[in-house]
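Step one of this worksheet: look at the structure below.
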Amino acid sequence: MQIVMIGSGYVGLVSGTCFAEFGHNVVCIDSNAAVIENLQAGIIPIFEPGLDTLVTRNISAGRLRFSTDTASAVAVANAVFIAVGTPSRRGDGHADLTHVYAAAREIAAAAPDDCVIVDKSTVPVGTAREVEAICREVAPHKQLSVASNPEFLREGSAIEDFMRPDRVICGVDDPKAESVLRAIYRPLSLRETPLVFTDRETAEVIKYAANAFLAIKISFINEISDLCEAVGANVQDVAKGIGLDKRIGSKFLHPGPGYGGSCFPKDTLALLQTARSNGVPLKIVTAATEVNNTRKGEMVERVIRLCGGSVAGKKIAVLGVTFKPNTDDMREAPSLMMIPAWQAAGAQISAFDPQGRGHADQYFSQVNWANDPYEAIVGADAAVLLTEWNELRALDLAKVKAQLKSPLFIDLRNVYPPEDMRSAGLQYHSIGRPYRDAGARSLPA
Ligand code: UDX
């Protein structure tokens, strides 16, 4: 198969590279010439574990190329994937489809008669139909098919997610699109990955519904963790206890400072806009977003409270600033709101992050960046663990205690067993877990 990927950002680059790894011939396009030049030299613009090796291997094998020339690449393609950005439109939260429609025009003009055009970007319901209308307008004589094939990649484990997905969703409107997508994903049939074929609108809804459901799970467990704190229960055990019920499932029940990233906040907002314009309120999704929006402010307040009611003149060491581990992505990271809030309350901030620092200077000011977690906490009045990087999961607790000015360790990701922290002489606070004598089972008075 000859595949063209329009857009060499996160989704396009990972998907294009993985298609090449499947054995297809892939050209990844981007309008940014500097990005393409770097990629041709094997320089990857994002941090994604395993991606650099895969890119280099497939360039060497002659299956993966990078180009700015859309027309030439598209002219010989069996399938062209649209993987351009769909940011939230300023003001109304609708997904901005300018780049998707521009790509559709360019593809339709250059594509061979029987080409299949596939939306991979996360796009509102009805976009495939709209892309098809553009194709008919630009190239009325061609038999172009338009399909929807949403991605479910998690940053930090995107290669694994692409190579071993739980399912692949394909929204199609004609047999040709179905047979081309089946051929493209055939390598996954060895793993018996379910290939689910639906109509295009259904595929578009599946993407948003999946992200919204996961966002709901996170906001739900965050609220339950508040309840656990109030009644002396342990949210970790609650998550385990409910998650063992297969109807609920154990994943995405980790409480924390609220979800961030490039998908959940944007996609829930876009879904709500679509729903509203169709007269459907989606109250549960609305509640999940509201819980998440207030969560970060509540965590800011919690830290201030634990610091004795004021952080003025105090030093807070922030451990981890990216929205999750194994990524350098800062989009919608809780730290973006929390660090300035503590600074506004008079705190000095020192911080450590294995990847976030490269970008962080553009987001934060007056932060002292440390080269390792211990340097960050030297002389601090509190350490706040914000992102559960592996580098922060097995800290030398005696050293932590020795470096901190006051032994306050606030863990917003529940990384450490409370007993270990207490044995190390730390005043430990986590999310939704009681801090009491091991073995005690009774509720506090
Ligand atoms: C997500 C979806 O998982 C993926 O399928 C979709 O295509 C894109 O959006 P991603 O944003 O990369 O992927 O990361 P994910 O691992 O889903 O985490 C999102 C946010 O939720 C992070 O801020 C994370 O810290 C938070 N989270 C996740 C929790 O707070 N608790 C959990 O139990 C899981």
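Including glycine, each Cβ sits where the backbone N, Cα and C put it.
Listed by TrEMBL as binding substrate are Phe152, Leu153, Arg154, Glu155, Lys207, Phe252, Leu253, His254, Pro255, Gly256, Gly260; the candidate from Lys315, Lys324, Lys399 that the record includes in that site is Lys324. Checking the recorded positions Thr122, Lys207, Pro255, Gly260, Cys263, Arg331 against ligand 1, the ones whose Cβ sits under 6 Å from it are Gly260, Cys263. The DSSP breakdown of the domain 'UDP-glucose/GDP-mannose dehydrogenase C-terminal' (317-418) into helical (H, G, I), extended (E, B) and coil residues amounts to 31 helix, 19 strand, 52 coil.
Taking the Cα of Arg154 (substrate binding site) as the reference point, the closest of the recorded positions Thr86, Thr122, Cys263, Lys266 is Cys263. Only Lys207, Cys263, of the recorded positions Lys207, Pro255, Gly260, Cys263, have a C-alpha within 10 angstroms of the C-alpha of Thr122 (NAD(+) binding site).
Leu253 (substrate binding site) is 21 Å away from Arg331 (NAD(+) binding site) when you measure Cα to Cα.
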